[in-house]
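Novice: Dropping the structure in here first, questions after.
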Amino acid sequence: MKKIEQAAQLIDQNKSLFCCPICKGKMRVEKTSVICNSYHQFDLAKKGYINFYSKSSPKDYDKKLFEARYRVIQRGMYDKLHQKIAELIDAIDHRTANILDLGCGEGSHLQKITQQLNRSSIGMGMDIAKDGILTAAKYHQGLTWTVADLVQSPYQSGQFDILLNILSPANYQEFKRLMHTTGHVLKVIPRSAYLQEIREQVMEEEQQVYTNADVLEHFKQHFENLEIHTLQYQWRVPADVLDDLWYMTPLTWGKEMEQPIERITIDLDIIIAQKKLHKAV
Ligand SMILES: C[S@@+](CC[C@H](N)C(=O)[O-])C[C@H]1O[C@@H](n2cnc3c(N)ncnc32)[C@H](O)[C@@H]1O
Ligand SMILES: [Zn+2]
């Protein structure tokens, strides 16, 4: 079966999770198009993804970056993160989980996390960068890949058990709309030592100081039952992905690596929480 047909079949099986980004109506699949009752039509791309975003993607993340990210992540830079997230998702429940990764980039996080789960799942990844979704559809089968803006996403309200938001921007109103009442959001944010070996080479000393306190504070205004899991380790960089490590982040754009990096520091907080529900007075 061609990639486009596989993608159409997968969307058809899960069409109740989608809604029209224009009128919020229900969607159906006709051949290789997704159509709402008001006839807003979105065609699947040959490469096996669907584009719901009518504007052109921002240019801050490109194909070279996503391909580099793919190779580095596949070599294991975030394996411990994936393992921890899979454990957290498994600990919540054992039913099939509808999982949506918002700002999924080239899709390796979603692929590796869903692969490790002890529960079945339906995995969907969305990103505003077409090059990210193209890369995701190229490498990862069995998951649905969508170009869309997380501010106005093409998914039905209240259908997702797990939202992933890894090193990406967020829109918490939209997140809460998408989450099932018992659903969880897992947001991954950098801590002060994250990628310090890269930042030391490209930033002035005073720019290198980073705290995630504001991000955390903003998050707490929207969610409750919050747990924070800190993950710190150093990853030994295989020589054949050293260049990829340099190109996987926009931090280094236009700059040359001055010194080879042997070990790279991963320093992250995984925040897991539920949406605040309106309580009866
Ligand atoms: C640092 S990258 C992280 C990508 C991926 N989660 C990872 O860790 O490899 C940030 C991602 O957020 C995406 N992004 C930024 N604004 C977005 C928006 N409004 N809607 C969807 N994705 C967005 C970017 O295109 C980019 O892929
Ligand atoms: Zn519509």
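Using N, Cα and C of the backbone, Cβ positions are placed for all residues, glycine too.
What TrEMBL shows for this protein is this:
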BINDING   Cys20, Cys23, Cys36, His40  Zn(2+) binding site
BINDING   Tyr78, Glu106, Gly107, Tyr194  S-adenosyl-L-methionine binding site
DOMAIN    18-51  domain '23S rRNA (guanine(745)-N(1))-methyltransferase N-terminal'
DOMAIN    95-209  domain 'Methyltransferase'
Novice: Please name which of the binding-site residues listed here, Cys20, Cys23, Cys36, His40, is nearest in space to Tyr78 (S-adenosyl-L-methionine binding site), Cα against Cα.
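Specialist: For Tyr78 (S-adenosyl-L-methionine binding site), the closest Cα among Cys20, Cys23, Cys36, His40 is found at Cys20.
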Novice: Are there residues at least 6 beyond the ends of the domain '23S rRNA (guanine(745)-N(1))-methyltransferase N-terminal' (18-51) whose Cβ is under 8 Å from a Cβ of it, and what are they?
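Specialist: For the domain '23S rRNA (guanine(745)-N(1))-methyltransferase N-terminal' (18-51), the sequence-distant neighbours (Cβ-Cβ under 8 Å, at least 6 residues beyond its ends) are 2-8, 11-12, 130, 133-134, 136-138, 144-148, 152-157.
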Novice: Quick test of your reading of the structure: among the binding-site residues Cys20, Cys23, His40, Tyr78, Tyr194, whose CB sits under 6 A from ligand 2?
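Specialist: Result: Cys20, Cys23, His40.
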Novice: DSSP says what for the domain 'Methyltransferase' (95-209): how many helix, strand, coil residues?
Specialist: 37 helix, 37 strand, 41 coil
Novice: About how far apart, in whole Å, are the alpha carbons (Cα) of Gly107 (S-adenosyl-L-methionine binding site) and Cys23 (Zn(2+) binding site)?
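Specialist: So the Cα of Cys23 (Zn(2+) binding site) lies 28 Å away from that of Gly107 (S-adenosyl-L-methionine binding site).
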Novice: Give me the Cα-Cα distance between Cys20 (Zn(2+) binding site) and Glu106 (S-adenosyl-L-methionine binding site), rounded to a whole Å.
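Specialist: Between the Cα atoms of Cys20 (Zn(2+) binding site) and Glu106 (S-adenosyl-L-methionine binding site), the distance comes to 24 Å.
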Novice: Could you say which of the binding-site residues Tyr78, Tyr194 has its Cβ with the most other Cβ atoms inside 10 Å?
Specialist: Tyr78
Novice: In this structure, which of the binding-site residues Cys23, Cys36, His40, Glu106, Gly107 has the fewest other Cβ atoms within 10 Å of its Cβ?
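Specialist: Each of the binding-site residues Cys23, Cys36, His40, Glu106, Gly107 was scored; lowest Cβ tally within 10 Å is Cys23.
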